[in-house]
Amino acid sequence: MAATAVTLPSSPAPFPVTTTASSSRNVRLLLRSPPPRRALRVAASAAADAPPKPAPPPTSPSGIVLVDPTEAQKVHRLKAVYDQKVVPLITEEFGYTNVHQVPKVEKIVVNCGLGAEAGNSKGLESAMKDLAMITGQWPVKTKAKKSVASFKIREGNTIGIAVTLRGRVMFNFLDRLINLGLPRTMDFLGVNPNSFDGHGNFTIGLRDQGVFPEIPYEVGGKKNGMDVCIVTTAKTDNEALRLLTLLGMPFAEHIKSSVVIRKKRLKRHHFMSKGRGRR
């Protein structure tokens, strides 16, 4: 017995109709029962309670996605950690009486020496684009202050690029450096806690910029390094060390930190009397 599905245009029900053809005279219509009203009510209420789909981000006529202005007003995650957790802990630990005494990260200076590529316009432009993608800010060219014959450098020649980060861009770069850049470094065991300069400033050297996800990996390509100098308002290295530790800087545990006390180098004019040489 063969069963065929037939759609009846005159049928008021929108449900499919099945007919069993036993003979040309006897035709029996088998109608599927409609779903109960309770199921329809539950489906309608679920659709009403579902959260609305987020609207697509606005785009300009050229196709560029426009960012909501309120996004720029939000506090960065690392900045919120500093305000809510770091400031109370350091204030209690060092006994500060004023909020302005609490050390903070003032700026970050990223420097990249180019060497022989500084004289190549394509290499210089490529290095500037890479550093701009990493830091989020376009760098400037650094030029030699004096001529050095052994390095074939003349005064005024471009020898590298540098960028100074402050504010939200600074916290964004520091967050990615701590959580993405340093952990992806090969054979990384932590940064040296003795890399302070005695005035609360910390310097990190990276041999490869490819540890940042913004730089694509190229087999056989030249690897450019970079120097990262974190400038803080701390008066001593212990305060700066504690500040960066609370921010998440992975210091090496097998290296003992020591307070660096550097004396000012006395030059020849320091030993000369003030009245000497005057007539």
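Backbone N, Cα and C atoms are what each Cβ position is placed from, and that goes for glycine too.
Residues 40-63 are the range that Swiss-Prot records as region 'Disordered', among 40-63, 136-159, 184-207, 256-279. Range annotated as region 'Disordered' by Swiss-Prot, chosen from 1-23, 231-253: 1-23.
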